[in-house]
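Enquirer: Sharing a structure here in structure tokens format.
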Amino acid sequence: MDPQDVKSNLVLILDFGSQYTHLITRRIRALNVFSLCINGTSSLKSIANLKPSVIILSGGPHSVHALDAPCFPSGFMEYVETNKVHVLGICYGLQLIVQKMGGVVRVGEKQEYGRMEIVVEKACGLFGNRKVGDWQSVWMSHGDETVNLPEGFEVVARSKQGSVAALENREKRLYGLQYHPEVTHSPEGMETLRCFLFDICGVTAGWKMEDVLEEELKIIKDTVGPDDHVICALSGGVDSTVAATLVHKAIGDRLHCAFVDNGLLRFKERERVMETFEKDLHLPVTCIDATEQFLSKLKGVTEPEKKRKIIGNEFICIFDAYAHDLEKKLGKKPAYLVQGTLYPDVIESCPPPGSGRTHSHTIKSHHNVGGLPKDMKLKLIEPLKLLFKDEVRELGRIMGVPVSFLKRHPFPGPGLAVRVPGDVTEGNRLDILRKADEIFIQAIKDAGIYDSIWQAFAVFMPVLTVGVQGDQRTHSYAIALRAVTSQDGMTADWYYFDYKFLADLSTRICNEVQGVNRVLLDITSKPPATIEWE
């Protein structure tokens with residue numbers, strides 16, 4: 001599909017603060033339709049400039065009765081009617097439509113949270129071939145309910161308790177769902193979204209990664225001047241690698257990459273990553289060994305946040321020095337900096353309406369190399385800023401990035417420093433952790449379950465425990481194992497290993513890693529815990 005056709009089929013999500021908003025964007029893209037998410041209180045001009053064919057109003061934690069309840073801009077309803085834009089309100093979004101169109105929303109006598117049953121009362125496009133009287137399970141999360149419909153609206157589904165679950169006004173192209181079709185707890189939600197987009201709105205599916213690749217290459221070539229040079233700090237992760245590969249494909253060796261070994265990498269990480277960069281991707285990468293620089297600054301430091309700040313500051317100093325060295329070599333300053341910013345970073349950096357904070361597009365600090373010195377004055381290139389993680393992986397696959405690399409589990413910016421509570425430099429803690437972690441990860445790969453796990457790693461426990469090894473009493477360290485499943489890292493559950501797998505793994509680690517006599521398994525979900533330990 002032509003890029004212009006893709007944009008003419010844009011589905012725009014107005015975000016009113018729901019924790020599920022980013023899922024709406026992902027689900028629609030999974031149907032090969034391009035979608036974007038912006039603040040729900042954005043100006044009418046910014047909405048109109050995007051020329052959406054469909055607008056979805058997200059859910060949110062607010063009540064439409066609150067004085068500071070967020071709302072779409074003045075003139076919105078007139079705009080969508082004049083321009084024949086289809087609108088779907090989800091949860092809070094439905095209640096906004098009802099209220100602004102003259103209906104009545106009030107606090108429900110019986111609030112509906114969690115898995116609920118709804119019944120179809122009117123056969124319509126929202127529910128495809130579903131007949132009147134058919135039931136389906138959905139996920140609800142609301143305290144207010146619609147009690148009086150606006151003129152021209154009809155109820156098309158109700159909950160088991162009798163509350164309005166879905167409504168429509170076909171003439172005005174306004175639709176609403178009082179539940180969340182975007183979550184997996186609504187099994188038929190994807191089908192409902194598909195029916196709405198294709199059967200009701202007439203949207204055409206045609207958005208694909210090959211089109212994204214072509215368009216991004218053109219943008220980069222048009223942005224970067226013929227004599228400009230670009231720098232990129234490679235972390236060894238998927239995002240920065242795919243971003244660098246894309247830019248290199250566009251401008252060749254005018255891209256200059258730096259990979260920093262901070263002494264906090266996994267077992268043979270430096271060798272493995274550099275081999276991929278050089279042999280598979282042919283990227284121009286300078287490897288900087290800064291092990292001594294980092295570890296000397298971390299010596300004796302035990303407070304987690306202080307460790308992170310030290311590591312962030314050292315990265316800034318090293319990257320700044322690299323940029324100045326490059327300037328001397330080239331005889332001119334690099335003009336641009338490549339960042340592997342992803343779309344969730346952009347969404348998360350925009351405070352939800354009603355939060356009391358201003359709308360901002362400032363990217364999270366760990367995505368911009370900890371904050372670069374102002375005198376570098378580099379302009380940003382963020383070729384992945386409209387993509388999700390799974391889309392980045394697909395883009396990397398198209399460009400020839402090895403699949404094994406693309407499927408690598410996430411690795412934190414501070415490295416093993418957040419997997420060694422306390423002083424990372426004391427004794428041989430890092431070496432013990434590296435060996436245990438390598439055994440753990442290799443065992444997962446050998447068992448064929450690596451791709452089923454979002455993230456897995458070992459944690460060094462800075463406590464001595466009593467054991468018996470070789471008929472002798474030992475006082476050695478413990479290793480904790482952490483493995484989680486997740487869709488996006490926002491929430492996570494611990495992975496349910498086979499008991500024999502765990503037993504064999506524990507034996508191997510205690511036998512093969514000197515200084516370890518105990519293995520623990522972290523069975524905490526997120527929340528209440530985070531995935532990493534620090």
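Note that Cβ sites are derived from N, Cα and C of the backbone, with glycine treated the same way.
TrEMBL entries are annotated by machine, without manual review.
As listed in TrEMBL for this protein:
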DOMAIN    207-408  domain 'GMPS ATP-PPase'
BINDING   SER235, GLY236, GLY237, VAL238, ASP239, SER240, THR241  ATP binding site
Enquirer: So which other residues, same chain and not among SER235, GLY236, GLY237, VAL238, ASP239, SER240, THR241, have a Cβ within 8 Å of the centroid of the Cβ atoms at the ATP site?
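Expert: Filtered neighbour residues, in order: LEU234, VAL242, GLY340.
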Enquirer: Ranked by the number of other Cβ atoms within 10 Å of their own Cβ, which of the binding-site residues SER235, SER240, THR241 ranks first?
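Expert: Most Cβ neighbours within 10 Å: THR241.
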Enquirer: Among the binding-site residues GLY236, GLY237, VAL238, ASP239, which residue has its Cβ surrounded by the fewest other Cβ atoms within 10 Å?
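Expert: With the binding-site residues GLY236, GLY237, VAL238, ASP239, fewest surrounding Cβ atoms within 10 Å: GLY237.
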Enquirer: Mean pLDDT, the domain 'GMPS ATP-PPase' (207-408)?
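Expert: That region's mean pLDDT is 84.
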